[in-house]
Number of protein chains: 6
Amino acid sequence: MNFMKFFFKQVVLVNGFVCKDPKVVKADDFSLSGLDMPGDTGNKLGFNVTPANVNQIPGLNTLGISMVRIDYVPKGLHPPHTHPLATEILTVVEGQLFVGFVTSNGEDGNRLFTKMLKKGDVFVFPQGLIHFQFNPGYTNTVAIGALSSQNPGTITIADAVFGSNPLISDDVLAKAFHVDKKTVDWLQAQF
Amino acid sequence: MNFMKFFFKQVVLVNGFVCKDPKVVKADDFSLSGLDMPGDTGNKLGFNVTPANVNQIPGLNTLGISMVRIDYVPKGLHPPHTHPLATEILTVVEGQLFVGFVTSNGEDGNRLFTKMLKKGDVFVFPQGLIHFQFNPGYTNTVAIGALSSQNPGTITIADAVFGSNPLISDDVLAKAFHVDKKTVDWLQAQF
Amino acid sequence: MNFMKFFFKQVVLVNGFVCKDPKVVKADDFSLSGLDMPGDTGNKLGFNVTPANVNQIPGLNTLGISMVRIDYVPKGLHPPHTHPLATEILTVVEGQLFVGFVTSNGEDGNRLFTKMLKKGDVFVFPQGLIHFQFNPGYTNTVAIGALSSQNPGTITIADAVFGSNPLISDDVLAKAFHVDKKTVDWLQAQF
Amino acid sequence: MNFMKFFFKQVVLVNGFVCKDPKVVKADDFSLSGLDMPGDTGNKLGFNVTPANVNQIPGLNTLGISMVRIDYVPKGLHPPHTHPLATEILTVVEGQLFVGFVTSNGEDGNRLFTKMLKKGDVFVFPQGLIHFQFNPGYTNTVAIGALSSQNPGTITIADAVFGSNPLISDDVLAKAFHVDKKTVDWLQAQF
Amino acid sequence: MNFMKFFFKQVVLVNGFVCKDPKVVKADDFSLSGLDMPGDTGNKLGFNVTPANVNQIPGLNTLGISMVRIDYVPKGLHPPHTHPLATEILTVVEGQLFVGFVTSNGEDGNRLFTKMLKKGDVFVFPQGLIHFQFNPGYTNTVAIGALSSQNPGTITIADAVFGSNPLISDDVLAKAFHVDKKTVDWLQAQF
Amino acid sequence: MNFMKFFFKQVVLVNGFVCKDPKVVKADDFSLSGLDMPGDTGNKLGFNVTPANVNQIPGLNTLGISMVRIDYVPKGLHPPHTHPLATEILTVVEGQLFVGFVTSNGEDGNRLFTKMLKKGDVFVFPQGLIHFQFNPGYTNTVAIGALSSQNPGTITIADAVFGSNPLISDDVLAKAFHVDKKTVDWLQAQF
């Protein structure tokens, strides 16, 4: 619904969400439970993202921010990805985390910035840059992140490049990654 | 410094921050430690805000987001306040929290929305609205919040209204709060 | 309706307003009468705001500006309030006006800026800051203001804090204003 | 100076204005006098604009709004013009005013919307559209206008087209206005 | 449809366009053919604009950019005009082009900037400024331009001023252009 | 320099560019030559981008648009990349081009949209999405593109992921791409 209208008796865009009668808006429209519960990390990469964005909290619509809980098993990886329309700021609540991002092209470009984070550390991943998080430890890691969009979107590089539907032609990928098509086909087979 | 320029070989506003030579930028410019440590709650209200914004993390400049840790002793209160330029999203990491915000004027306006939050609950405080957080329990509470600005600013209502420097004339406040000047003078004396 | 589309054959957001057939748009959609008439100041505070925003002038939709006429009887007060999403600029057309705003928290924060305005003076109230206007004279005052939003919204501090629906708990307010609950209950009773 | 920084302890762009030490900011930085005084209408067109924008009121910097007083003698004209970056809302404080704007190109485009305004009437001129104001009466007219920019800029069509420095070639203008070069040269000679 | 939602699983404004089921979106929604074909220059001015904006390419909605092909016969003119909400950047693909824009009012204002462009030259026309393009040569000219809006809109000065529907009163135009009404009536008769 | 100030007598941010005295601004500050000349495609991938952005055209500063010429030899590839802050619209001026982009994660996400473009075709690559262009033909291809930023920045996926400085650890990439470290080391060795 148009919560801004509700807040400020102001009419603002509703971003396509169905509008709700202000008279029936309730506190729960601004709330969500369960960010204290580990997510399901039973996957190849050993990580899980529990979102708290406009899809879970309708009251976030038009407000330009959202939150996530991220769980990592030992050696769990949130693989290289970008958020096309958001910057992320993250703090480690439990465990340890090795994080990094790569700057864009250009003279002195594609620089990798990494840091080993311990409990209580905060790190920033600037909008649109490729970044990753890896748990190098022997215990689970939990992080709380925030993103500068009510619905930031994520592009996981490996999935988008080697696992798209349909697949990107191996002519293109072989040339892009300086390998032969067999290697590309084999890489694509992993997805 | 102009980190955006650095990220994208793109020149963007530096918001008045001193510019730093991209060649000497380091991961620490995007990082901060200590959000796992309780802040000093030894004050009348029994709460503390530990900020992680552009003043602590220069790399946040121009990125439109920041984070805070908030500590509350039992009966600790983050009193009614607004963030002039940011929405806040918050999750309870430890303890319990009674939260609320008030909508703006108008027919069906000045409505109070409240919720009792337990560990793992998330709540949203929309931009510019007066809101508060209170720990009604017998144990400490810890929350992690995020705000949609690299430097959101805070206006604590009671301090701005009754504790400004110089004081707002008691003519004005007596009329505004429908009380006599003595009461206003006495209220101001509390600050 | 989507006036921007109409103006520029351009499609822009309609902020939830019902769309009108461009062929039937007329000059009156961009117009309003009556800002020369005093508003009804027959209230406790002795002031009145006559709005000229998107709710009165549909053509303002998406255009980011609005106007108001404010009337003040002698000793009339527009009490401390904020506009969550707009800056205000005001000029005194008749009479005199004592105005002020308070800056936000921080070292050297919560500073009060005041000025006595006479006919023809202009004053600015920056976005999100608490501000007030008081007529200290023995004659009526009239001001014309403009706000940087087609529908700026207003939060009257005293009403939002002590007169919300439902009321904010006196535990919270007693602590916030450093007074006992009886005083809070009594203050709330004034609203 | 960076007033936003000052207001919110927040660092924002200063738009190239010299920065001033917050400790020496004063209420006068947000104020201006004289909008009650008629401007000098002793010119061919019989109108005058008295501005109250960031060039007169430094505190307006970054705040996105400004004000003007416009005086018109009988038959005085504010000739067709645009504000490249602002919408204008105007109210007639004294006298009468015939106003109009023209929509952009396209099927059903270049439509003229006009209205005769009397004291207390309000009218809106949408961003970027060509508009004019004419005093058809036998008495002076005074209007107060507001614009959605701290420094909106104005492009007077006749001056920019026929009075630019250097002049636009008469080849171009003759073709554009479907007249011969002599007519263009003569029109340019008027400026 | 809401393509942004589709791209990023993100919900953003649809600018009033009919929404389409993401499952049926196809590459053609982001594509257009024919920019290699000359447009119809059989008009008084000898130029033609072939647009590639959101009206031809629905996928451009919300993306803030569009393209045009412009054809000019020898002596063909794109007459003085503005784009109320967009900057234009243009390159000459074939032939030659004399271009110019005029700055806004003010001391040292209404300055004309011109340049003779040959094949491969690029030129910028800043948002809201009056600009024109003229082919002074003996061969056809083709330019490719881009604009910073998915639907920039155009206001052709001569048409809006002398050819509006209904006409602007000759009182107003005579005074604005420092000519007599007969001249205005005659100028209007050309449109 | 602050061209916007110059255009509109308006003071706007200069994005860190050195400011130039308006009196010495010239048409060349808004112009560039050479987009008709093929770029140097003598590289592994057989493509070249010739930019026309704020780094070449100072007058583009703050104007939010730029242009590029892209050359492709037969089988030339502009490999998968993103523009963190811009949408791209492109037209084929000569030859043929196979283009594609991949949507973001999510149910029905990571969809590949491709199209074979011929001379005169236009295609859109939405902000932040991974996209590529490949010349499948036996003749050179030339495209003119425009981007919705005065300095859009580019992140070439393969370079940022496998060719960063320093390299991303092979632990991370092996896991992300579901291959062993040897393969990653070998892939990195290609860059």
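Any Cβ shown, glycine's included, is placed from N, Cα and C.
As recorded in TrEMBL, the features of this protein are as follows:
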BINDING   F:His81, F:His83, F:Glu88, F:His131  Mn(2+) binding site
BINDING   F:His83, F:Glu88  oxalate binding site
DOMAIN    F:33-185  domain 'Cupin type-1'
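Features recorded in TrEMBL, as mapped to the structure shown.
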{"residue": "F:His81", "record": "Mn(2+) binding site", "Cβ neighbours (10 Å)": "20"}
{"residue": "F:His83", "record": "Mn(2+) binding site", "Cβ neighbours (10 Å)": "24"}
{"residue": "F:Glu88", "record": "Mn(2+) binding site", "Cβ neighbours (10 Å)": "27"}
{"residue": "F:His131", "record": "Mn(2+) binding site", "Cβ neighbours (10 Å)": "23"}
Structural state of F:His83 (Mn(2+) binding site), classified by DSSP into three states: coil
DSSP-derived structure type at F:Glu88 (Mn(2+) binding site), helix or strand or else coil: strand
Cβ-centroid neighbours of Mn(2+) site F:His81, F:His83, F:Glu88, F:His131, 8 Å, sequence order: F:Thr82, F:Ala86, F:Phe101, F:Phe125, F:Leu129, F:Ile130, F:Thr154
F:His131 (Mn(2+) binding site) - helix vs strand vs coil (DSSP): strand
Taken over the domain 'Cupin type-1' (F:33-185), the model's mean pLDDT: 95
